[in-house]
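The [4Fe-4S] cluster binding site annotation in Swiss-Prot covers CYS264, CYS267, CYS299, GLU306, and the record cites sequence analysis as its basis.
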Amino acid sequence: MLENRVKTKQIFIGGVAIGGDAPISTQSMTFSKTADIESTKNQIDRLKLAGADLVRVAVSNEKDALALKELKKVSPLPLIADIHFHYKFALIAAQSVDAIRINPGNIGSKDKIKAVVDACKEKNIPIRIGVNAGSLEKQFDQKYGPTPKGMVESALYNAKLLEDLDFTNFKISLKASDVMRTIEAYRMLRPLVIYPFHLGVTEAGNLFSSSIKSAMALGGLLMEGIGDTMRVSITGELENEIKVARAILRHSGRLKEGINWISCPTCGRIEANLVDMASKVEKRLSHIKTPLDISVMGCVVNALGEAKHADMAIAFGNRSGLIIKEGKVIHKLAEKDLFETFVIEVENLAKEREKSLKD
C-alpha cells in the first residue's frame, strides 16, 4: 500500500468516512427515475452487491425529492441527492438523505446556496461542491474558459462562500471530460484547501473509453496521494463502474483486496483457447477478496518462468496442463480435470491466507 496520501479533513456520508485516514470509497449513480422507488432500490441493491460504498440519485423534480424519504428507508447504501438548477429540491432532499451534491454553475444565487447550507447544517449532512468544466459560472467561464484554472477558481469561490456561512462539512470535485484537464485541476487545487476530494472524469464514454480515461486520470492522481472518494462514469452497466473503480484502487496501491490477474498475450505457442479460458477463470473466482496474484498461461514454456512469482498459476499444454503454487508444480493433469482442480486450489489458498491473517 502506498503511504503518500494527502491527509484531508474528514467528513461522513451516513456511516462512511470520507477523507483523513479513511479508505477511499467508491460510488455510482442510479439511472432510474428516483420517484420509481422499486426500480431505484433494485439498482442500489445491485451496486451494493458489486461493492459500492455510496450511491447518488438524480433529483429532477419535486416528485423525486419527495420520494427520497421512502427511498432512504430501504436503501442499503448511504444516499446522495444530486441537485441541478432547483435549489428548493435540495431543501426537501436534505430532510432525508445523507449528503447533497450541488453544481455551483447552475444552482443560483448566494441566497439560494445559503438556504441549502442552512438545511444541511440542520441535518448535519455534507455537501459536495461539484464543479464541471462544461458548466462553470458565467464569471469564470468568460474569464478562463473551461480550463483547469477556471475550475479551480470556481471551487475556491464556492468553498469561501460555504466557509463564510460557517459551514466546512463539504468535499469538492473538479470534473472534465478529458484526462489532462482533470489531473491538472486537482493538482492545482490540492495545496490550496484541506477538504476531501471526490475524483472523477465526467462524460467519460463507454466501458472501453471510460476505463482508459479513468485509469489514467484517477489512477495517476491516486498514486500522487490525491483523492478520498471516486466514481468511474461509464455509459453502460452500473456494476462495471464499481468493478473498474476498485481495480483502479488496487492497481494504484490504494486497496489491498482481490485477485491481481496475470495472463500472457496470445502467440503461436499457446495450446488452448486462452482468451475464453482466462475469462472463465476470472469469472469463476471473482468472489475472492483475498489479495492474490493469479496467473493464467497459454503454454508451459512461459509458465515455468513467468508464473513462478504468482501465488497460483495454471498453464495449458497439449491436452494437459500444470497447476503451479508459489513457484512449484503441484499438479500435472489432463485438460478435462485442469480447470475445476485449479479453482479448488485457488479457493483453498485464499482460505489459508485468510486464516493466517486471523491467527
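From the backbone N, Cα and C atoms, a Cβ is placed for every residue, glycine too.
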Between CYS264, CYS267, CYS299, which of the binding-site residues has the fewest other CB atoms within 10 angstroms in the structure shown?
CYS267
In all the protein chains shown, the tally of other Cβ atoms within 10 Å of the Cβ of GLU306 ([4Fe-4S] cluster binding site) is 15
